[in-house]
Amino acid sequence: MRFHLALTLQALWAGVCQAAMQHYPAAWGHYDVCKSQVYSDEGLTWDYMACQPEAADMTQYLKVTLDPPNITCGDPPETYCALENPYMCNNECDATTDELAHPPELMFDTEGRNPTTFWQSTSWKKYPKALLVNITLSWNKTIELTDDIVLTFESGRPEQMVLEKSLDYGRSWQPYQFYATDCLDAFTMEPKTVQDLTQHTLLDIICTEDYSRGYVWKNDKTVRFEIKDRFALFAGPRLHNMASLYGQLDTTKNLRDFFTITDLRIRLLRPATGATMVDENNLSRYFYAISDIKVQGRCKCNLHANSCVYDKEKLSCECEHNTTGPDCGRCKKSYQGRAWSAGSYLPIPKGTANTCIPSNIGPVIRQNVSSLGVANRKEVAPQVALSTAPSVHVANSKRARVCDNELLRCQNGGVCVNNVRCSCTSDYSGLLCENHRCESELGGCGGPDSGQAPLTPPSLPGLLLLLLLGPALLRDASCWPALL
């Protein structure tokens, strides 16, 4: 009897622990729920949370443009030679024949075919004039990158290349990274790798030689812009501490903007030659060919939407929290009771929704905490002073200020006044309006008027489990809250 009771209690304990451990990491890692119904002293109300769409393959939503427009091979038909063997000239490109055409859309089709499909440029027949190609990827929507950008070259990787980004739909451009076999010679920049970056220099624009050496070997086909390695500077090598990264993204606007784009541009400046000298007698060996481009990301919705729809060749957020606009960047017409603010990742696990409230209420009227989607903001991430990099404007860390609504945003509906202080609503206090005012009141935030649920004693079944399971509890204290 005692043996069966022990087995039953073990199974119950495993279920309790599993439920507790499954809920929290999944919740704070994804921010995939914008609101849920909860019971409070006032009955059934909405609990609003920060939310964002799931990451996806963004190449299925882009428009690709090539400059010059006639740079794709096949018009007129042309025969190419292999870079590693100038006498093997059996690669024909003909735009009028499907089997021999290499249009730009083949950079984004399904991989794994045999033979591999790819886009290909004309050959370097106008040497010594540079063979220059711009490949522009446009989304007509603000995108947040979540994984490495990966280009796979079917021919040799280019000896000189620049990856650029735009945040204003292609009106202006700034470099993401330079690539060359010799960075000093090509761009007068010291060669570096992403491993040379630190938290303070993450925004630096570097030139790397890692992806330009070698020209046809199977393992040397890809060129990367390392997003995850940059994330790891805050989240750890296995991205296990995403809370730290979210905290920095939350409070440092330029850091978040660094991973945000509307367009990407690949500037191909010099094709692979495989040697120090160009063979002018066989220029059909030199060209660009790309078989695959990977761009993983999500629609930027300012943490006010968990889905993004593609309709009439355009992406747009399905906004929640009484917000509207392509990026949920403003309050709805009847919900302008306080200034619009982006949602916040903090505090973990639900973040802060910063919902827009009805215009006839105003920002100073006390609201139920759960109905506004606002939580105790103790987890304000420490600021990391970021270096000023070319084309990337970073605030001078020595400049004395409390807020500026860009790098240091007032939280929970607070308004920045003259870069000196945050003017908080009646419910909040603190340097950035991060603390609920009830924390400093008599009785704290568990009082009857605080809007937060008071602490309750553990239930009788919970106490019985505590007594019977003794040693197991000491080994796994993370499950205690689930019993109470």
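Cβ atoms are placed via backbone N, Cα and C, with glycine included.
Predicted automatically and left uncurated, TrEMBL annotations should be read as such.
Annotated signal peptide per TrEMBL: 1-19, in sequence order.
The domain 'Laminin N-terminal' feature in TrEMBL is assigned to 47-298.
Annotated domain 'EGF-like' per TrEMBL: 399-434, in sequence order. On the 0 to 100 pLDDT scale, the domain 'EGF-like' (399-434) averages 71 in the predicted structure.
The disulfide bond annotation in TrEMBL covers CYS424-CYS433.
Packing around CYS424 (disulfide bond) is summarised by its Cβ count: 22 other Cβ atoms lie within 10 angstroms of its Cβ, all protein chains included. In the shown protein chains, 25 other C-beta atoms lie within 10 A of the C-beta of CYS433 (disulfide bond).
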